[in-house]
Each structure stands twice: as structure tokens, then as C-alpha cells.
């Protein structure tokens, strides 16, 4: 498998479409345990990203992720902008050639996870997007990432008590709700798995 600039563009455009389709659901999930604007914020940021890609085609794979990072930081409100932004910027730094193989992709996604952990001062088990990213990275290392793995990771956030972010104010009452950031991250990785390599 070889992943290149065109693949990454298709992946992130598909992610944008999935977020647009699930905008209301993401905001509803966020309404239960957060500010209620995750869907709107993410949809706006990804729509701006699509525009950025159209106006100036990225030079290479690194540039795709760098553009994504800068756009998410500047156009997405709330905590998710800086977190996704940092993830993509870290991913751009982990790309070391025009194309990457499966091992390279694992390294790139892992760099994204590390960026989120550092920026959010968080780790797995705190009911955040990390609870999807970490199982995805682990599965990539084992070469067995599937849509089921992504979905299982997302569903597990329902039983976790939030100890980070706005949701942590709810304490025990955050249990029983899916984490919105984990949900949008699941959309990101479903899109990645469904984006065919050219």
C-alpha cells in the first residue's frame, strides 16, 4: 500500500463530508456533555479546509496535513480546533517522503496522537478523542485496523467518566454518553479506511 498526496486529499474531503452529514448528531452529543457546538465547529473548519485545498493545491503529502492543521487551528472554535490542528501539524512533520507505506502511515497517525496527548495534557481512559486515536494506533501497529475496531473504541467512551474538558464538570453524569470528539475521530478513521489507494 502506498499513500500519497491525492489519497490524503480524498481522505480529508471524505472526512469533511461525513462530519457535514453528522453535524447535528455531533452537536447533540456535545449538548449532553459539553458546549453543544462540536458539529457546527467541525463542519465549518472542514468546509474551510476544502476551500483551502481548492484555492491552492497542496504541494505534497506533508503540505496536505500542514494545511489541515493550520486551518483547524484558525477556523474551528472550542477545544477541538487546537487538538485536531496539533494532530495534523504533528502528522505533517512525521511524513518523510512523497509517498508513505503502511508503516509510514502508522508513524504519521501515532505522531498525531502524541500531539493530542501533549496539547490536551490527557491520556486514554479520560473520555476524549484519544480513546479512539490510541486503539487505532495500536491496531495499525498490529496491521489489523478495521471499521469494527474504530466503532468498538468509540462505543467504549460511553462507559467512561469524563475527567478532562467541559464534560469533566458532570463527573459521574458524563457516563452513558458518547464523547463527541471521539465520535468525530471515528468519522476520521472510517473515512481513512474507506479511502481507496489509487
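Just so you know, the numbers here start at 1 and follow the chain as drawn.
Glycine residues also receive a Cβ, built from the backbone N, Cα and C atoms like all the rest.
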Have a look through 166, 173 and flag the one Swiss-Prot assigns to the ADP site that 38, 39, 40, 41, 79, 80, 120, 129, 179, 180, 181 belong to.
166
For each of the binding-site residues (30, 35, 37), count the other CB atoms lying within 10 A of its CB, then report the residue with the highest count.
30
How many Å lie between the Cα of residue 35 (Mg(2+) binding site) and the Cα of residue 120 (ADP binding site)?
17
Residue 30 (Mg(2+) binding site) versus residue 38 (ADP binding site) - Cα distance in angstrom:
6
